[in-house]
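Colleague: Got a structure for you, questions after.
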Amino acid sequence: MRRSGTALSFLWTERVREPVDSGVAPVSPLGGGVILRRFSGTLLLPPLSSRLGSSGEAESAAHVVFTIGTQGTQRNLGSAQSSFDLENGLPGGKGLLDAQSGPSLGRALQPPVHHVQRRESFLYRSDSDHEPSPKAVSRTSSAASDLHGEDMIVTPFAQVLASLRTVRNNVAALAHGPGSATRQVLLGTPPHSSQQAAPTEDSGLQLVQETLEELDWCLEQLETLQTRRSVGEMASNKFKRMLNRELSYLSETSRSGNQVSEYISQTFLDQQAEVELPQPPTEDDPWPMAQITELRRSSHTSLPTAAIPRFGVQTDQEEQLAKELEDTNKWGLDVFKVAELSGNRPLTAVIFSVFQERDLLKTFQIPADTLLAYLLTLEGHYHSDVAYHNSMHAADVVQSAHVLLGTPALEAVFTDLEVLAAIFACAIHDVDHPGVSNQFLINTNSELALMYNDSSVLENHHLAVGFKLLQGENCDIFRNLSTKQRLSLRRMVIDMVLATDMSKHMSLLADLKTMVETKKVTSLGVLLLDNYSDRIQVLQSLVHCADLSNPAKPLPLYRQWTERIMAEFFQQGDRERESGLDISPMCDKHTASMEKSQVGFIDYIAQPLWETWADLVHPDAQELLDTLEDNREWYQSRIPCSPPHTMGSDRFKFELTLEEAEEEEEEEDEGQCTALNRESSELPST
């Protein structure tokens with residue numbers, strides 16, 4: 001029984017983890033293999049509501065409200081006064097939900113209320129051509145008309161948990177049928193006076209059959225689970241397989257569609273192109289480590305604290321800059337205007353403003369002149385001649401992350417040290433970016449590719465430069481941190497910046513979606529974030545969202561960012577053309593479609609990421625999803641007519657892994673068997 005392509009619909013109804021007479025009726029599969037699941041509670045994020053002065057480690061008062069269903073039943077899950085440790089979590093073996101008395105300060109992530117039907121991403125389609133979901137009635141774009149009003153479970157591990165919960169409910173229902181007293185004794189459950197109506201004999205047989213099918217599917221998933229394969233990787237492989245099929249279809253529609261498909265596949269699916277072995281450096285070439293050690297000295301001079309400008313930059317338009325930076329806490333700050341008013345120092349101005357807004361200078365005892373020295377040095381190592389990956393982009397990512405960290409669902413969740421690490425990671429995440437891709441550096445045998453063994457080349461370089469600059473004169477903004485704090489911050493920053501490698505996108509998305517959906521189907525539905533792995537996963541996703549936030553910004557800003565990224569792509573394409581290299585996808589200025597690239601980018605990358613983030617922080621990101629959809633429609637309406645793509649040798653071919661190829665063969669065999677059975681049934685009998 002193949003159920004890997006099934007999307008599980010998740011109903012938000014009233015159920016608590018109680019004995020088997022909780023009133024949950026068995027749920028039957030609907031047509032198309034979609035199964036309705038019932039939710040056991042609201043997804044919660046316990047806060048860290050009080051802080052220690054300069055330690056950066058919060059005192060956690062985890063007062064959590066547990067909201068059930070629509071009737072508002074609540075559980076106060078107390079206050080556990082303890083500090084969070086990155087290595088060991090909460091001390092004394094306590095959990096964030098240890099029951100104590102105290103007022104409720106927690107924030108519940110409420111189930112989505114679909115006031116307006118919104119287009120869903122391709123993640124909610126079937127991942128099997130032979131097992132279409134109810135919405136996959138045509139091979140049009142998955143974002144064209146996929147609308148649903150229920151919360152869908154699509155990650156394999158969460159589906160397994162949901163199926164097992166259905167099995168439990170079915171067994172409970174059978175136990176309440178004829179002879180239920182005997183069955184209750186066997187199940188170890190005392191009989192209760194108030195029971196649901198007992199199922200009839202026919203419905204009982206149907207329930208048994210459905211239960212066996214659920215168990216068969218769960219066993220199939222668990223039997224194929226590899227010992228070194230994480231549950232997040234299960235979802236990642238599924239999403240990659242689904243995206244490959246979507247892109248294969250898109251590549252057949254037109255020549256520009258083929259380019260968009262190739263770009264998305266090579267950029268976001270962690271697929272390395274075949275390249276020649278790099279040649280060793282010649283005697284005339286500089287030593288590779290010079291890329292790190294020979295950093296440019298800052299031209300600024302140290303200023304006394306009293307003389308430091310309000311926003312860290314010398315400008316004769318300080319009042320206009322102050323008015324613009326009033327939007328620092330709002331989504332959609334005009335970074336281009338900030339750059340204009342700050343003398344092309346947007347990163348310094350934005351970070352200086354954010355640090356003051358969050359009182360980080362006082363919390364971590366950072367001298368203002370030291371912060372200014374580091375920021376000016378850091379911004380000086382961003383290339384102003386690079387169209388997109390410059391200090392304006394870094395400032396935009398910093399400000400976007402600052403807003404996301406302040407969303408009501410997360411504003412009291414992370415410690416000051418974690419917030420500092422996230423902002424610092426955003427600040428350095430593209431420093432010294434040369435304006436070309438990792439693959440370009442690998443293909444051209446660059447020194448950076450040699451230094452970092454072709455693995456996240458630019459991301460490793462950004463980290464090395466960002467931390468190296470701390471060694472400059474009066475630049476160490478972390479000098480007053482304890483050794484433990486400094487090591488913890490460095491670990492977090494490394495993890496966050498490496499996660500900005502776009503080839504890791506699908507794995508990051510799968511891990512986040514698996515985390516969110518798994519917590520939804522567990523009995524409490526509480527996202528504890530009580531260990532480093534879970535906390536850094538959310539922070540990595542937050543930084544990744546900030547890095548891919550352009551499509552969710554107001555259209556005038558989004559259009560400027562789009563023009564800049566395309567200009568940078570075209571500059572790389574020109575360099576590749578001059579060097580006799582194959583031109584990378586979307587880098588050929590003669591054939592690339594800006595409009596189609598943005599629609600494809602939103603459909604297959606931005607929307608799946610942002611709708612998953614919106615699930616985590618619901619309902620705080622709903623306006624961003626609306627903006628994302630509006631921006632998509634704007635670019636969609638401006639796609640020029642493109643000639644159909646001929647099935648020539650230049651068509652991009654999608655490669656399947658061995659596992660995916662085996663699944664394809666199984667599906668083809670099943671299809672052939674079905675066809676043969678159909679033909680044999682149509683033969684006249686003799």
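Using N, Cα and C of the backbone, Cβ positions are placed for all residues, glycine too.
Pulled these from Swiss-Prot:
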MOD_RES   S9  phosphoserine
MOD_RES   S28  phosphoserine
MOD_RES   S40  phosphoserine
MOD_RES   S83  phosphoserine
REGION    88-116  region 'Disordered'
COMPBIAS  124-133  compositional bias 'Basic and acidic residues'
REGION    124-143  region 'Disordered'
ACT_SITE  H389  active site, proton donor
BINDING   H389, Q598, F601  3',5'-cyclic AMP binding site
BINDING   H389, H393, D430, D547, Q598, F601  AMP binding site
BINDING   H393, H429, D430, D547  Zn(2+) 1 binding site
BINDING   D430  Zn(2+) 2 binding site
BINDING   D430  Mg(2+) binding site
MOD_RES   S642  phosphoserine
COMPBIAS  660-671  compositional bias 'Acidic residues'
REGION    660-686  region 'Disordered'
COMPBIAS  674-686  compositional bias 'Polar residues'
Colleague: Could you say whether, by DSSP, D430 (AMP binding site) belongs to a helix, a strand or a coil region?
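Modeller: In the DSSP reduction, D430 (AMP binding site) maps to coil.
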Colleague: What does the structure give for the C-alpha distance between Q598 (3',5'-cyclic AMP binding site) and H429 (Zn(2+) 1 binding site)? Integer Å is fine.
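Modeller: Here the two Cα atoms are 23 Å apart.
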Colleague: Starting from the Cβ of H389 (active site, proton donor), draw a 10 Å sphere and report how many other Cβ atoms land inside it.
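Modeller: Step by step: centre on the Cβ of H389 (active site, proton donor), count other Cβ atoms within 10 Å, giving 23.
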Colleague: Rounded to the nearest angstrom, how far is the Cα of D547 (AMP binding site) from the Cα of H429 (Zn(2+) 1 binding site)?
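Modeller: Roughly 9 Å, rounded to the nearest whole number.
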Colleague: Among the binding-site residues D430, D547, whose Cβ has the fewest other Cβ atoms within 10 Å?
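Modeller: Counting other Cβ atoms within 10 Å of each of the binding-site residues D430, D547, the minimum falls on D547.
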Colleague: Tell me whether the residue listed as 'active site, proton donor' sits in a helix, a strand or coil according to DSSP.
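Modeller: For the residue listed as 'active site, proton donor' - judged by DSSP and reduced to three states - the answer is coil.
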Colleague: Around the C-beta of F601 (3',5'-cyclic AMP binding site), how many further C-beta atoms are within 10 angstroms, looking at every protein chain?
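Modeller: I get 24 for this one.
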Colleague: Report, in whole Å, the straight Cα-to-Cα distance of F601 (3',5'-cyclic AMP binding site) from D430 (AMP binding site).
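Modeller: Given the Cα positions, D430 (AMP binding site) is 20 Å from F601 (3',5'-cyclic AMP binding site).
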Colleague: Same-chain residues six or more away whose CB lies under 8 A from the CB of H393 (AMP binding site)?
Modeller: D430, W561
Colleague: Measure between the Cα atoms of every pair in H389, H393, D430, D547, Q598, F601, the residues the record assigns to AMP, and report the largest value in Å, rounded to a whole number.
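Modeller: The two farthest binding residues have Cα atoms 22 Å apart.
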Colleague: Provide the number of Cβ atoms within 10 Å of the Cβ of Q598 (3',5'-cyclic AMP binding site), excluding the reference atom itself.
Modeller: 26
Colleague: Which whole-number value in Å describes the distance between the Cα atoms of F601 (3',5'-cyclic AMP binding site) and H389 (active site, proton donor)?
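Modeller: Cα to Cα, F601 (3',5'-cyclic AMP binding site) and H389 (active site, proton donor) are separated by 18 Å.
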